[in-house]
Amino acid sequence: MDKTSYELSVEGTSAANTDDKTRGGEGRRISPDKQASPRHLSQAHTRHKDSRKAQNARKRPKIHECGECGHRSACISSLARHMTTHTGEKPFKCDQCDYSAALKVNLERHMATHTGDKPFICDECGYRTVSKSYLTIHMRKHTGEKPYKCDQCDHSTARKEDLDQHMIRHSGHKPYMCGECGFRTACRSTLCRHIKKHTGEKPYKCEECGFSAAQKSTLVVHMLKHTGEKRFLCEECGYKTTTKFALTRHIRKHTGEKPHMCWECGFRSADKSNLAVHMRTHTGEKPYKCDQCDYAAARQKSLQRHMATHSGEKPYVCGECGYRTAIKSNLYLHLRKHTDERPYKCDQCDFSALIKYDFDHHMLKHTGEKPYMCGQCGYRTVSRSSLTKHLNTHLDSKPYKCDQCDYSAAQKGNLTAHMAKHTGEKPYKCEECGFRTAVKSTLTKHMATHSGLKPYKCDQCDYSALRKSHLDRHLAMHTGEKPILCEICDYRTHDKSNLARHMRKHTGKRYKCDQCDCSFAQKRTLNKHLAKHTLDKPHM
């Protein structure tokens, strides 16, 4: 046997020799003049391969999956904790009050509220806490340390749970699901808050006035209304506030920072709560429900406004003119009309606004940014309300019904304008010329015709327009773009009104003359035709 064969035989049997010795066997040496059998080599190789597989299997953590919602965990104890979000089980009870918790660590934290014991102290600022791990995380605010880094982007965080939640945004996975309504989220704390909407549980009570809250942080903020304490100061402008969170949010007005991003369309916000509300334009979620009718809203303020239509109650009154409203913030905005206060000023032109929303909307004209995007067709807009209206075109939803005819509308404003045809009422009047209209926005547009102001300028020629829609239409003439498409044929146009006229070729001539058998595709053509009937009548 040549040297190569001899080396192969020794190498192939080495694993077997090792195994024999481990099991107490004496082992055998392979004589140079005796070749190991092929069967012996095969068995030894198989045992070696199986051993490696077993070692690799031991290294890989076993993945445990929740049968309710598909949540996956590498640790069986983590899965057990997760299951309490479905069962509602809270085995850890406080012996001094009715509080109970799903996790032992939560009970330990709660007990500190009874004892007041906070043994862990920050040497930098005096912050005290019940937990050593909380102090470690707190210290990172002073050091700026963010040890948990995302391997897919530049994001880093001071806490592991914040990184875990961030990573879920990359995957799109939402492991936490509500058993009541199917709501899904990437964050367990968000699910816990959501579940309280179903149970109505508000365990945190104010001893001063009877106010109760679903979250402890909400109660802490509320208590500052009683003390009046505003210890957080903005060094830029002197603004003071009751919470560090509110100060952080305020400072972003100076820095322009918008750290919270929508993964659906790229919308960015300075405020996490604004992002949560924005996300409902994609999910269609409307968690705020009226208990007197079928109305549901994406925002709590919208529900509050709606509830006033049932009660008629308007407790907030203006001392100047008697104006009444159901919403406190509306009164603040109204009072600025008397003082002529416009606190939101544009640093690029002379524009100033009464309300921040109008200011933010204005700034988008300078940046050209269109943060709201339709996930179905890519349509982008500067306004959340415009996106909501656009989404209705996909749903083909027309929830606003006329109670006097078969008319229905996708937007409430359109129904209001339609109802004026039945009532003849036109409450909005122009003081300049007496023009009256049923719709407030129509009066606003009309008033601009008196001022002569045309704020929308074309950057390619001298054209200027009274309305942004007119400028958009004009710009399409420069670019040749025709983004508006007929769904029935290949017709394209840059103007929405052109499409409306075109569609009548498909739908027929719906404007009928009541004096003869003629019918027309456009209303203005019918009006011209009716004038002929008027001219034909003999003068008495």
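Positions of Cβ are set from backbone N, Cα and C atoms, glycine also.
Here is what TrEMBL says about this protein:
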| type | residues | note |
| --- | --- | --- |
| COMPBIAS | 18-32 | compositional bias 'Basic and acidic residues' |
| COMPBIAS | 45-62 | compositional bias 'Basic residues' |
| DOMAIN | 120-147 | domain 'C2H2-type' |
| DOMAIN | 148-175 | domain 'C2H2-type' |
| DOMAIN | 176-203 | domain 'C2H2-type' |
| DOMAIN | 204-231 | domain 'C2H2-type' |
| DOMAIN | 232-259 | domain 'C2H2-type' |
| DOMAIN | 288-315 | domain 'C2H2-type' |
| DOMAIN | 316-343 | domain 'C2H2-type' |
| DOMAIN | 344-371 | domain 'C2H2-type' |
| DOMAIN | 372-399 | domain 'C2H2-type' |
| DOMAIN | 400-427 | domain 'C2H2-type' |
| DOMAIN | 456-483 | domain 'C2H2-type' |
| DOMAIN | 484-511 | domain 'C2H2-type' |
| REGION | 1-63 | region 'Disordered' |
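Broken down with DSSP, the domain 'C2H2-type' (288-315) shows 12 helix, 4 strand, 12 coil. Cβ atoms under 8 Å from those of the domain 'C2H2-type' (372-399) belong to residues 264-267, 278, 281-282, 361, 364-365, 408-411 of the same chain, restricted to positions at least 6 beyond its ends.
The residues of the domain 'C2H2-type' (372-399), classed with DSSP into helix (H, G, I), strand (E, B) and coil, number 12 helix, 4 strand, 12 coil. Mapped onto DSSP helix, strand and coil, the domain 'C2H2-type' (120-147) counts 12 helix, 4 strand, 12 coil. Sequence-distant neighbours of the domain 'C2H2-type' (148-175) (same chain, 6+ residues past either end, Cβ-Cβ under 8 Å): 66, 69-72, 82, 137, 140-141, 184-187, 263. Residue counts of the domain 'C2H2-type' (232-259) by helix, strand and coil are 12 helix, 4 strand, 12 coil (DSSP-based). With a threshold of 8 Å between CB atoms, the same-chain residues lying at least 6 positions outside the domain 'C2H2-type' (288-315) that come near it are 277, 280-281, 324-327, 329.
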